[in-house]
């Protein structure tokens with residue numbers, strides 16, 4: 001007999017943190033939002049600034065109760081990598097039913113759930129080979145961290161991902177940010193005679209402002 005998987009009534013989620021702030025990067029910079037940071041990731045970038053392995057389990061009802069204490073109606077589901085979270089669909093269905101605008105921040109190796117209103121994908125150049133076999137096809141914005149010479153990777157992501165906005169972000173390691181080299185690479189991308197998209201700079205303005 002085939003086993004039927006039934007979702008629990010109050011599923012548990014790996015929660016790193018939930019907090020209200022302003023979106024600090026990309027097209028929606030400045031947008032008031034509640035960030036729901038989920039634990040665990042299917043990549044392990046050396047420069048990642050998120051402790052996605054330190055999390056606690058939290059039930060769906062408690063998550064919803066926490067969200068209702070905030071004024072913002074925009075929810076940013078981030079990580080870690082949200083698309084590997086068990087019972088993600090149930091969480092998203094519940095939030096949509098409550099009338100929230102749902103944004104997803106993902107590395108783009110898995111498809112975005114249909115409940116999402118805005119997809120910001122950040123493919124990782126240090127895992128370029130993985131994107132040859134699995135890659136999201138559409139997004140609202142693409143944000144790539146310039147953790148080296150990423151020109152060829154950016155061109156490949158242009159071909160693989162149809163998006164409205166394309167951003168290159170500086171990489172911060174050991175307190176230093178390679179902003180000059182990031183701007184230089186943006187200039188090269190935008191000066192190509194056959195350039196089909198326009199790349200822009202995205203920086204983590206929330207860090208400069210001293211907010212979460």
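Cβ atoms here come from the backbone N, Cα and C positions, even for glycine.
Because the structure is a prediction, the values reported are computed rather than measured.
Among the candidates 37, 66, 143, the residue that Swiss-Prot annotates alongside 22, 23, 24, 78 as binding substrate is 37. In sequence order, the binding-site residues near residue 80 (S-adenosyl-L-methionine binding site) (Cα within 10 Å of its Cα) are 37, 41, 50, drawn from 22, 23, 24, 37, 41, 50.
DSSP gives residue 80 (S-adenosyl-L-methionine binding site) a coil state; it is part of no helix or strand. Within 10 Å of its Cβ, the residue among the binding-site residues 24, 80, 123 with the fewest other Cβ atoms is 24.
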